[in-house]
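Below: one structure, written as structure tokens.
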Amino acid sequence: MDELVIAGRSFSSRLMVGTGKFASNSLMADALAASGSQIVTVALRRVDIDRPEDDLLAHIDRDKYLLLPNTSGARDADEAVRLARLARAAGCEPWVKLEVTPDPYYLLPDPIETLKAAEILVKEGFVVLPYINADPVLAKHLQEAGTATVMPLGAPIGTNKGVRTRDNIAIIIEQAIVPVVVDAGLGAPSHVAEAMEMGADAVLVNTALAVTPDPAGMANAFRLGVEAGRRAFLAGLPAQQQKAEASSPLTGFLRDEQ
């Protein structure tokens, strides 16, 4: 399968994985391995600096995975920028998944504060991957600001509803000059396959892997879904049409056409 390129860096996997909600760090590590992912997101607020032996980061091989700190929990641009700076000061690479979600109930991203934070972080040398509503206009503004990707949601975080914003994501993909990563709401392998068939460059999944009784098994299923969707997109899906069209000719065998 062709490689994903973000900010000049190449990845063989197009599946990004989040680290929240897993019942244990060992289950998370097994899921990461089964997913084949090379980009792993982690909330800085979940890192236990005082107990490194029990810390989440102790279970993530930094030589194998790109650790992508996220600004989960930030309610405005100032908080998001502060979290990104803390991650870099803690030794993380200057890559950040930008999340600004002032509403704790639906966790929908704030477009104004996200753009404001992105502009600041790009100027400070961060590789910014912003989580956004499926808003084509905002996506263009973020690309113009210098973000490395745009990450439109398929559905609200953790809902497992799939690609409910399909029409808007299709516009974003059509207009994008950076990779498009569909993030949030993807609850089944068929959902990620759908996103990849549309032409998305990658997907990010967390809840669907973390809450299943078999995280590693589900991670493998998502890996296969991403690969199938990407291969179908590259091969070229047939156009949909209203009328039926037989795959074999119906004439000249049972009867002669006049």
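The backbone N, Cα and C atoms fix where each Cβ goes, glycine too.
Positions annotated as active site, schiff-base intermediate with DXP by Swiss-Prot, on the basis of sequence analysis: Lys97. Secondary structure at Lys97 (active site, schiff-base intermediate with DXP), as computed by DSSP, is strand.
The 1-deoxy-D-xylulose 5-phosphate binding site annotation in Swiss-Prot covers Gly158, Ala184, Gly185, Asn206, Thr207 and is backed by sequence analysis. In three-state terms derived from DSSP, Thr207 (1-deoxy-D-xylulose 5-phosphate binding site) belongs to a helical segment. Cβ environment of Thr207 (1-deoxy-D-xylulose 5-phosphate binding site): Gly18, Gly20, Lys21, Ile157, Gly158, Asn160, Gly187 lie under 8 Å away, each six or more residues apart in the same chain.
The number of other CB atoms found within 10 A of the CB of Lys97 (active site, schiff-base intermediate with DXP), across every protein chain shown, is 26.
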